[in-house]
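Notes follow the structure.
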Amino acid sequence: GECFRALCCKGPPPPRPEYDLVCIGLSGSGKTSLLSQLCSESPENIVSTTGFSIKAVPFQNAILNVKELGGADNIRKYWSRYYQGSQGVIFVLDSASSEDDLETARNELHSALQHPQLCTLPFLILANHQDKPAARSVQEIKKYFELEPLARGKRWILKPCSLDDMEAVKDSFSLLINLLEERDFEPSRM
């Protein structure tokens, strides 16, 4: 009965798996605010990320070590230096931004989806600022970003989000964690 006893006796909970993610998106898309809220940090002292910052975001079944990269024009060209070792990608876009910014965001997302270090990873794409009157719907964004043809065969999740519905944001992250766990169980493709 050794095995059986080992199962019954509740020891300390197993350590939660940790995943290293990279979070990208243009300046002002709301990356820092979302991540701070997920870490339950107070929103007052948020400053725009100029280089990059790393946050450990705790979830019930995993800890996400999120490397958030600043989204300013002069920083974006260095994004790919930080991709190494990522296991998943969070791309935040401002659903209410100007056409120009949306086009830039689309180009950046396309580059990321096709980048050799990211192209096989799960992507969580958050259409942020859904609470703003000018926000485009997820359907509009999916079409505008041409996600269907581009991301075929890739694992990606596109979800609406806003800071006033953090439960929905957490649900979106749970879906991403599911994809990360699935990847863990796959034999690695060499």
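Including glycine, each Cβ sits where the backbone N, Cα and C put it.
What you are looking at is a predicted structure, and each value in this text was computed from that prediction instead of being measured.
Residues annotated as GTP binding site in TrEMBL: G25, L26, S27, G28, S29, G30, K31, T32, G71, N128, H129, Q130, D131. Summarising the annotation, TrEMBL assigns Mg(2+) binding site to T32, T49.
Known features from TrEMBL, placed on the structure.
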{"residue": "G25", "record": "GTP binding site", "CB count, 10 Å": "26"}
{"residue": "S27", "record": "GTP binding site", "CB count, 10 Å": "18"}
{"residue": "S29", "record": "GTP binding site", "CB count, 10 Å": "24"}
{"residue": "K31", "record": "GTP binding site", "CB count, 10 Å": "27"}
{"residue": "T32", "record": "Mg(2+) binding site", "CB count, 10 Å": "23"}
{"residue": "G71", "record": "GTP binding site", "CB count, 10 Å": "26"}
{"residue": "H129", "record": "GTP binding site", "CB count, 10 Å": "23"}
{"residue": "D131", "record": "GTP binding site", "CB count, 10 Å": "14"}
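The maximum pairwise C-alpha distance among G25, L26, S27, G28, S29, G30, K31, T32, G71, N128, H129, Q130, D131, the residues recorded as binding GTP, is 21 Å.
Note: the Cα of D131 (GTP binding site) and the Cα of T32 (Mg(2+) binding site) are spaced 17 Å from each other. Geometry remark: G25 (GTP binding site) versus T32 (Mg(2+) binding site), CA distance 10 Å. With respect to their backbone Cα atoms, H129 (GTP binding site) and T32 (Mg(2+) binding site) stand 13 Å from each other.
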